[in-house]
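Per TrEMBL, the feature active site, proton donor/acceptor maps to Glu457, Glu466. Marked as S-adenosyl-L-methionine binding site by TrEMBL: Tyr348, Lys357, Tyr358, Glu413, Asp441, Met442. Summarising the annotation, TrEMBL assigns compositional bias 'Polar residues' to 280-290. What TrEMBL records for 38-313 is domain 'PRMT5 TIM barrel'. Taken from TrEMBL, the feature domain 'PRMT5 arginine-N-methyltransferase' applies to 320-486. Here TrEMBL flags 489-656 as domain 'PRMT5 oligomerisation'. Positions annotated as region 'Disordered' by TrEMBL: 275-295. As annotated by TrEMBL, site 'Critical for specifying symmetric addition of methyl groups' applies to Phe351.
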Amino acid sequence: MPLAQRSGDSSEARYCGAEVGFSDDIQNALAFALGGQFDFIVAPLTDPEYRPSEGKAGPPPFAGSDLVLSPSQWSSHVVGKMSAWIDLDSPDAVARQDAELTLKQELSWATHLSLQACLLPTPRPLECGNYARCVNQMLQGLSNLQLWLRIPLVAPELQSVEGTAEEDVAFLKRDPVSGKPLNDSWEWWNMFRSLCEHHSQLSVALDITASLPSPGSLKRWTGEPLRAAIVHTSAFLTNKRGYPCLSKRHQNFITSLFSHNVQIIVSGESMHHVDGIDPTTASSESSANGSDDGLFPKHPLKPYLEYIAYLYRRMDPPTEQERFEIGYRDFLQAPLQPLMDNLEAQTYETFEKDSTKYTQYQKAVFAALMDRVPDDETTVVLMVVGAGRGPLVRASLQAAKQAGRRLRVYAVEKNPNAVVTLHSLIKLEGWEDLVTVVSCDMREWNAPEQADILVSELLGSFGDNELSPECLDGAQRFLKPDGISIPSSYTSYIGPITASKLYNDVKSYNDLAHFETAYVVKLHSVSRLAPPQEVFTFEHPKFTGGKVDNRRYKKLLFELPEDTGSALVHGFGGYFDAVLYKDVHLGIEPSTATPNMFSWFAIFFPLRRPVYVPAGSALELHFWRCVGPSKVWYEWAVTSPDVSPVHNANGRSYWVGL
């Protein structure tokens, strides 16, 4: 049964499994686990004593016929565990051949059973060429079966010397050929998945024991295709009542995995013999930890399951904003082209629900009115350019009422469909004497008078990517020489990220154009490898006396934190921060993001080929904003530690039309 029922949560992380040993009676093994309230088992499919080279006649000794469980039971409640002895990179030719044949037989059997996933044994440290080749071959023929590669969170050699004088020696040990850290288990995974061409059906299952790596090293896994975390009973401590519990760091890590759709699997022998505890104590403790029967747990691993369920239930329920965003997480969307295309009613409605954004605009207009007009006798001319269906008009009039100032508003909008709604709103609210609707492109309109305040909502996820600079440069002729623009400035930010899912989604299109396109994405299962840095800043108004040049170029150097280790960069996350007026700002740059605002998600600039950044190395990025007669586009390239092609040369794949 699920760990808990949380409002708005339908993720697979609700289900917890148990790793079991080989049994030729898998039906009873599954029934025992389900009776202990586990949702599935990770079970060997073949007798661990089996070796094809021993020449025994007949089929492999599988764990029972396919008829012992129903197809839905095999599919929903069993993850196949490939034989742990399999070593396809063994120096022994017979062992390699046995391993390859057994792996193929087991995966074929798993496919026959319609299993959803299989757990592959851990590869040799940085020596997995033949293993990865065999798996890659089999991946080409799989339909829906997912393969989980078992990787220890901390290398066994590091675990064995933790806290001793040998720890530093083991940590610094390097592979003699590649020079890569031999005991950084992320390197094992990265080599294996690279050999398998980043296949979308190859994922990670992390082995979690009592040892945890540094926070930076842990963070790397957030952007990887992590499907399961195998928590060993040895990772658990004992609380004062004799029940299992986890350290604070383990608790925080496990809780973070829940929010990334990672399933927990409990593994190992029970190390907490709670049956000897006084029944009344056991009953109250079971209830506190999630047991609904108040009895001694019959399954030896049930106390661990109850503790995992306790961590899951303790999580805060998703907020309204999180429930809204769940469907957009790590989902690629093409950025809007507001100058070329007219927005649809549904798009307007989504943006208009963002009350936080309009609250910030109202604050900015209020502050500007108070600064600009000393009394309530003067009528302020305010122009809303790109008025849409009127939310900025409403925010401006509310600010004027709050400030006790008189306002005359021009609402300029090029979308004729939105203009219909604007007229209806003005009639409904009785604003006919206050608001004039102008159905025109702001760049072509000849205003009857100049404005004191120019308000616009033309920002994109990267600040300038929806052509706010070009639009406001054209509209600033409406503004008095001492007029105020809201926003007054905005800055784009960019930072390197590990984003395996996004990379595979782009790769699935199998063409160059999609790797040279920027996408709006609610970044979720990504690892931000370095703090975002400023890219381009635009200020308004900008009375230069001549034509404003909005072309830009920036070279950025990103230093990854020392404790991160090596990492793989799949692309860059882009953000913005805008100053609306003086100290009133709004934005999505992670360190200063406006809370509870959902009008903008980040923007993702992919790399055609992921860039491996060794531990201690810096990443150098070049970024251009290019402007032509009819379009604006970005180009980007990495020059260190590896060199990438310049992406999107001359806007051949992605551009924004003027």
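Each Cβ is built from the backbone N, Cα and C atoms, and glycine gets one as well.
Unlike curated records, TrEMBL annotations are generated automatically.
Glu457 (active site, proton donor/acceptor) sits 10 Å from Lys357 (S-adenosyl-L-methionine binding site), taking the C-alpha atoms as the reference points.
For Tyr358 (S-adenosyl-L-methionine binding site), the same-chain residues 6+ apart in sequence whose C-beta sits under 8 angstroms from its C-beta are Pro391, Leu392, Arg394, Ala395.
For the domain 'PRMT5 TIM barrel' (38-313), the mean pLDDT of the prediction comes to 90. Other C-beta atoms found within 10 angstroms of the C-beta of Glu457 (active site, proton donor/acceptor) number 22, with every protein chain shown included. Rounded to a whole number, the C-alpha distance linking Asp441 (S-adenosyl-L-methionine binding site) with Glu466 (active site, proton donor/acceptor) is 15 angstrom. Per the record's binding annotation for S-adenosyl-L-methionine, residues Tyr348, Lys357, Tyr358, Glu413, Asp441, Met442 show a top Cα-Cα distance of 24 Å.
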